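Working notes, structure below.
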Amino acid sequence: MTDIVYDKDADLSLIQGRKVAVIGYGSQGHAHALNLRDSGVEVVIGLKEGSTSRAKAEEQGFTVKTPSDASAWADVIVILAPDQHQRGLYADSVRDNLTEGKTLVFAHGFNIRFGYIEAPEGVDVVLVAPKGPGHTVRREFEAGRGVPVIVAVEVDASGKAWDLAWSYAKGIGGLRAGGIRTTFTEETETDLFGEQAVLCGGTSQLVQYGFETLIEAGYQPQIAYFEVLHELKLIVDLMWEGGIAKQRWSISDTAEYGDYVSGPRVISPDVKENMKAVLADIQSGAFADRFIKDQDAGAPEFLELRKKGEEHPIESTGRELRKLFAWNKADDDYTDGSVAR
C-alpha cells in the first residue's frame, strides 16, 4: 500500500524560510504563487517584458521581475511555463543564475525526463504536481481543502530535497488532501499516457465517433450531442466519486447491462494494443521529439490539428445548445468553441 503524506508529516517552515520565484503566471503559476503567499512564503513572479500576465500578477499584489532577475533573487525557482517553452526559458534566464544550494521545482517532469533541461551540480531538482488544474488548486485551498499532489526528487544534492519538496507541497495545500511519492519518469510517462490514451485523446475521439455514428444514422445532432457529450460529465462525476462501481450502481439495469455487453465491442482488445503502442512512443521519447520539433518549427502540425478539431460539427452543435443551459459556467478569458490560448 502506498504511503500517503499529509500536512502533519511536513515542516512548512522550510519553504517559509526560502525566497521563491514562480516563473509563469498561468493556470498553475497563479495558484502556486497565491497559495504559497497565503502560507507565509515570500514569492515574486518571473515574467518576460510585455507578458500579458504581468498586469494580473501585479494587480494581485506580487512583485514582478524578469525571469532572469527573479531566478537570481530566489533560493527556489519554480518553472511553470508551458513544456515547449521551458527549455529556452531555462537556457536564457535561469541556468546562469543557479548556484549551489538552490532548488528547481517543476509541476510536470517533461523537460527533465526527456533531457531538455539539465541542472548544474549542487542544485536540487524536485517535482510537485497537483492532480488538478490550477483554478481548482486555488479554489480548494481557499475553501480550506486541497488537491492531491505527487512529489518526486530527481537530484538531491543537498540531502534535504525531499523535506523541502514536502514543505512546498504543504505550502500550496496539496498535503491537506494527501501526497504520494513518485519519480520524474513515472509522473511524466503516466501523465502523458493518461492525457493521450484516455482523458483527452481517447475521450475526444470516442465522443466524436459516437456523435458521427448517430448523425450518419439520421438522428438529430442536438440529441446526439446530449447523448454522447453532455451526459458524459454526469457519468464521469459518478466515477470520480466512487469508481466504476459507483457509476454502475447509479445507472439503470438496462444501462448497466449495455455497459457489460457493448463496452468491449467498442473498446476491443485491439484498443489496448494501440494503447501499448502509444505508451511505447512516450517511453522511447518519440512523442516528445515529435512535439518539440513541431513547436520549434512554428507548430504547423499542432495548429492544423487544432483547426481540424474546431471545425468538427459537434462544436457548432454544442455552441448553439450551450446558449440554452441555465447552469452553464464560462471562464472570463475563454471564447466558446475556440482552443487557442
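Cβ from N, Cα, C; glycine included.
Remember, predicted model here, so these are calculated numbers, not experimental data.
What Swiss-Prot says about this protein:
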- His108: active site (ACT_SITE)
- Tyr25, Gly26, Ser27, Gln28, Lys48, Ser51, Ser53, Asp83, Gln84, His85, Gln86, Gly134: NADP(+) binding site (BINDING)
- Asp191, Glu227, Glu231: Mg(2+) 2 binding site (BINDING)
- Asp191, Glu195: Mg(2+) 1 binding site (BINDING)
- Ser252: substrate binding site (BINDING)
- 2-182: domain 'KARI N-terminal Rossmann' (DOMAIN)
- 183-328: domain 'KARI C-terminal knotted' (DOMAIN)
Sparsest Cβ surroundings (other CB atoms within 10 Å) among the binding-site residues Glu195, Glu231: Glu231
Of the binding-site residues listed as Tyr25, Lys48, Ser252, the one whose CA lies nearest the CA of Glu195 (Mg(2+) 1 binding site): Tyr25
Max pairwise CA distance, angstrom, over record-listed NADP(+) binders Tyr25, Gly26, Ser27, Gln28, Lys48, Ser51, Ser53, Asp83, Gln84, His85, Gln86, Gly134: 21
Sparsest Cβ surroundings (other CB atoms within 10 Å) among the binding-site residues Ser27, Ser53, Gln86, Ser252: Ser252
Among Asp191, Glu227, which are binding-site residues, the residue with the most C-beta atoms within 10 angstroms of its C-beta: Asp191
Among His108, Asp191, Glu227, Glu231, which are recorded as recorded positions, the nearest neighbour of Gln86 (NADP(+) binding site) by Cα: His108
Secondary structure content of the domain 'KARI C-terminal knotted' (183-328), with strand meaning DSSP E or B: 123 helix, 0 strand, 23 coil
Rounded distance in angstrom between the Cα atoms of Ser252 (substrate binding site) and Glu231 (Mg(2+) 2 binding site): 14
Which binding-site residues sit within 10 Å of His108 (active site) - Cα, from Tyr25, Ser53, Gln84, Asp191, Glu227: Asp191
Among Lys48, His108, which are recorded positions, the residue with the most C-beta atoms within 10 angstroms of its C-beta: His108
Which of Tyr25, Gln84, the listed binding-site residues, has fewest other Cβ atoms within 10 Å: Gln84
